[in-house]
Every structure is written in structure tokens, then in C-alpha cells.
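Annotated in Swiss-Prot:
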{"type": "DNA_BIND", "residues": "154-213", "note": "DNA-binding region"}
{"type": "COMPBIAS", "residues": "29-42", "note": "compositional bias 'Pro residues'"}
{"type": "COMPBIAS", "residues": "54-67", "note": "compositional bias 'Pro residues'"}
{"type": "COMPBIAS", "residues": "73-91", "note": "compositional bias 'Low complexity'"}
{"type": "COMPBIAS", "residues": "92-108", "note": "compositional bias 'Pro residues'"}
{"type": "COMPBIAS", "residues": "115-128", "note": "compositional bias 'Low complexity'"}
{"type": "COMPBIAS", "residues": "229-246", "note": "compositional bias 'Low complexity'"}
{"type": "REGION", "residues": "1-152", "note": "region 'Disordered'"}
{"type": "REGION", "residues": "157-178", "note": "region 'Interaction with DNA'"}
{"type": "REGION", "residues": "196-207", "note": "region 'Interaction with 5-mCpG DNA'"}
{"type": "REGION", "residues": "209-268", "note": "region 'Disordered'"}
Amino acid sequence: MYVGYVLDKDSPVYPGPARPSSLGLGPPTYAPPGPAPAPPQYPDFAGYTHVEPAPAPPPTWAAPFPAPKDDWAAAYGPGPTASAASPAPLAFGPPPDFSPVPAPPGPGPGILAQSLGAPGAPSSPGAPRRTPYEWMRRSVAAAGGGGSGKTRTKDKYRVVYTDHQRLELEKEFHYSRYITIRRKSELAANLGLTERQVKIWFQNRRAKERKVNKKKQQQQQPLPPTQLPLPLDGTPTPSGPPLGSLCPTNAGLLGTPSPVPVKEEFLP
């Protein structure tokens, strides 16, 4: 229908009032005219009209977010006008409806003293009583026992030998400064010590002996000769015999000069 209307309208392109029979179209039927064609873009081709379809309206989408609300105007109120503004500096502060959240109360001195005073107290009534300082209790018990023979220093235990143990160890050291493995086992079993304790005692005893011998050698060495002090005027004092004693004949030659013979001549 629309094609027939175009063919009938474009008479310069298709001359003749009748349409060609080859199209096989029925009798012309008239429909209400469509939108007016756009004017030709090129004046040389006036016979060809450029028909553009009507643009479809853009789809309407629902807004994903609601329109912003001016809540700040209700909370803070309208701002001052230009005429009512004062030249005073602006003061920044919290809004009228601002309420600070109170901080949780910290542990007071009473709670801290209670926690320090009872380190082994359980966290809950149903929890078993277990102290976190078990290693300290063991060290205190080991150090406080008088019969254990051990004292605790800063970082290690120090063995305190009895008089009988020291006497037997000194006897063994008198015979041999380096103890054998077999003798070390026997001494440890007889004195109630471990083999490591016996070995350490011999190491310390050898170090002590070396220190004593070195001190004796330093005391027995003769002192180096000391230099004579200089006199007050700064001239060094001669350390050898006087020069006159080295040449005794020079003093006699200078003191008593030898007589010179005089030859007398007489005139006739």
C-alpha cells in the first residue's frame, strides 16, 4: 500500500498515470498520509526523496535511587542571608542533636591491684585453679630446699658442694688433673653427684690453678731497672766515671810545664 502511494507520488521518476502491470498490485487504495518526507539533502538528485523513519521514543526507566532529601536543612535550619551575615569568625561545633557515646569504663586501681594480688585466681568460678606462674613456683621450691644442694643465680643453677665432696674431689685432683671416664663415674656414684657436675668441677679447678701459677710467676720476676731522676735544671746526670780519672796524665802535663833549654851565644 505504501509502495503504491510512493510510486503514484513520484511521477518524475515513473512517468505515466498508470502503474506497471508487472507489480501485480490490486486497485489502488488510499490511506491517510504518513509523515512528511524530509527535504532532499542533495539538490542535484531531487527525484530521490530520503524518507527517515520517525525516531522511537527512549524507554523510560524507573529511578534506581530516590530523590535526595534535604534533611540537613531541617536539622541545621536555613543559612543566614547575605545581609544578616556577620563578619565574626565561624564557630564549628557539633549539631544540636549530637550526643557523644560514653566510653566504657577502664579498669580502676582497685581492679588492677586485685588482678596483681591474685595472679592464680581463675577467670570464672567453674574454671579449674591453674596458676600461670608454675615455673616460678618450681624454681622457688628448688631454691628454698636446703637439702637439695643447689642455689639459683640469675640464669642457671649453681651446685653447692659439701665439705666431704670437696675433700674427695681435691684428693682426686691431687693425683690426676684430668679425670678418666671410669673414675668420673665412680666419683659421681660415691659422692651423690652427676658426671657432668664432676667434670665441671675439674674444669674450674684447673682454671683456678692456672690463675694461681700465673700470679706466682709475675711476683717472682725481677723488677725492670728504673732510670735515675733528672735534676731540677734539666741537665742529665752523667752515669759514668769523671773524665779526669780516665786521663790522669793530662792533669800532670798541664799543671807542671817541662823546662825549655836556652842556648846562650857570646860575641868575641
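The backbone N, Cα and C atoms fix where each Cβ goes, glycine too.
The DSSP breakdown of the region 'Interaction with 5-mCpG DNA' (196-207), given as helix, strand and coil counts, is 12 helix, 0 strand, 0 coil.
Helix, strand and coil counts from DSSP across the region 'Interaction with DNA' (157-178) read 13 helix, 3 strand, 6 coil. Looking at the region 'Interaction with 5-mCpG DNA' (196-207) alone, the prediction's average pLDDT is 93. Taking H, G and I as helix, E and B as strand and the rest as coil, DSSP gives the DNA-binding region (154-213) the counts 43 helix, 3 strand, 14 coil.
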